[in-house]
Amino acid sequence: MLFQQIAQNKRKTIYVLIGFILFVSLIGAAIGYFYGTWLGGLIVAVVIALVYTLIMVSQSTNVVMTMNHAREVTDANEAPELFHVVEDMALVARVPMPKVYIIDDPSPNAFATGNDPQHSAVAATSGLLEMMNREELEGVIGHEISHVRNYDIRISTIALALTSTISILVNFGMRGLWWGGGNRNRKEGSSAIDLIFMVLSILSIILAPIVATIIQLALSRNREYLADASSVELTRNPHGLISALQKLDSSQPMKNVDSASAALYISDPKKKKRTSHLFDTHPATADRIERLEKM
Amino acid sequence: MITWIIIIVVIALIAIIYMTQFNGLVKMRTYVEESWSQIDVQLKRRNDLIPNLINTTKGYAKYEQETLARVVGLRNQMTEIPAGDRQKTMEVSNQLSGSLKSLFAVAENYPDLKANTQFTQLMEELSNTENKIAYSRQLYNSSVANLNMKIQSFPSNIVAGIHHFKQSDYLQVPEEEKETPKVNFDDDFKGFDK
């Protein structure tokens, strides 16, 4: 059951990433169409996506930790329980010891970031350390270390970069639409196919940001289930994580959380309640607990 | 000419498969040894911590001499086990974990001791080593499972036979830990909700 779920989630993540890259190319082509060359637009879009992703990936730990007001803990005595639990989980997951950060916030939460297991970091709020006993803390940190081991941290950084790329491209495209682009040398009274292309391009430019967000969020929801499953594989104790999730769910929202990194946290830091689940960054806690109980 | 090419390609393929299987076996054997050395480090660390623990608790727990003596006895027994005997080492280690647990449970009756910062620090240190022992044993057993599977399955079993790779034994997990896996001294004091 555990391994099936992991394999299934990994497959899904790959499909979504491929979809995302195709999507960036499509948007690039649509915008390029208005500037007279769809191929040029496609190439420019892919190049922008690659450069942006590379920059994000190489700087992720510093950028993300600063955005979330986290301070690094280098001495184990400063937060012995957290430090030792991170050590335990890194040991059993066979990954190098990540850097440990603390965020001063009474709301319990945690996240992991970095490029690969050799350059990773785990952050926990002071509220998490207050509220959780060791078993629960192990469940939460196991979840974060699983994000590290499964390379989720890299995928989420890439997804973030691609979403940003799309918003850059769309800005560019909107300008093209507004001014009619440089494509004035096209023959007047051209075919119906041209018209269809035009409408499709406009539509995709307008819808792109929404679709990008939905894809990014779906990706993050899947990864949460996978990390829950892997955490139990590490601790061999589903009860700790179940009880931690219950506590996380019933707690207060975080004070000042960076909205771009909201998807990184183990539990939605904003505690938004929406009627539609399409825009949720996290799966419903009840669903997560149900899956854990089945294992 | 073509026959020769086919023969060379087949030989090259077999050589590549042989090499990857051999390297895989070596890697898994290294994992097993590596996780044992992790257990060993923690066992030594615990042995170093116990004299401090005895010194700290001695003044308080006058009535618990029996428990203290049992901990000291098992600790000394640990140092006498020959280095290669993993099963015996873990057997005594499990007993020591058990008596440490009862020592901490007894400390519940001594509020002064619980207030002692040195004692609480030692308690965190010791539950840290206990957890690390449990986790590295878990890692050891899963590494052994992978190694044994590799030694038995085709085609790596042929390579393993030629190079005399031996299956390893699992380390015994104490009965009570199969239910709730990890030792948690802190919780005796913290309670479930703080």
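Any Cβ shown, glycine's included, is placed from N, Cα and C.
Reduced to three states, the DSSP call for A:Glu144 (active site) is helix. The active site annotation in TrEMBL covers A:Glu144.
The Cβ of A:His143 (Zn(2+) binding site) lies under 8 Å from the Cβ of A:Ala110, A:Ala227, A:Asp228, A:Ser230, A:Ser231, A:Leu241, A:Ile266, each of these being in the same chain and 6 or more residues away along the sequence. The Zn(2+) binding site feature in TrEMBL is assigned to A:His143, A:His147, A:Glu224.
Among the features that TrEMBL reports, domain 'Peptidase M48' is placed at A:78-294.
TrEMBL lists A:12-32 (among others) with the feature transmembrane segment.
Residues or ranges marked as transmembrane segment by TrEMBL: A:38-57 (among others). Below 8 angstroms of C-beta separation, residues 21, 24-25, 27-32, 63, 115, 154, 157-158, 160-162, 164-165, 168-169 of the same chain, each at least six residues beyond the ends of the transmembrane segment (A:38-57), sit close to that stretch.
The transmembrane segment annotation in TrEMBL covers A:155-175 (among others). Sequence-distant contacts of the transmembrane segment (A:155-175) (same chain, at least 6 residues past either end, Cβ-Cβ under 8 Å): 13, 17, 20-21, 23-24, 27-28, 30-31, 34, 45, 48-49, 52-53, 55-57, 60, 113, 115, 147, 205, 208-209, 212-213, 215-216, 219-220, 223, 260, 263-264.
Taken from TrEMBL, the feature transmembrane segment covers A:195-219 (among others).
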Can you tell me which parts of the same chain pack against the transmembrane segment (A:195-219), counting only residues 6+ beyond its ends and a CB-CB cutoff under 8 A? 13, 16-17, 19-20, 23, 26-27, 30-31, 33-34, 155-156, 159-160, 162-163, 166-167, 169-170, 173-174, 177, 263, 278-281
Rounded to the nearest angstrom, how far is the Cα of A:Glu144 (active site) from the Cα of A:Glu224 (Zn(2+) binding site)? 10
Given the recorded positions A:Glu144, A:Glu224, which one is most crowded in terms of C-beta atoms within 10 angstroms? A:Glu144
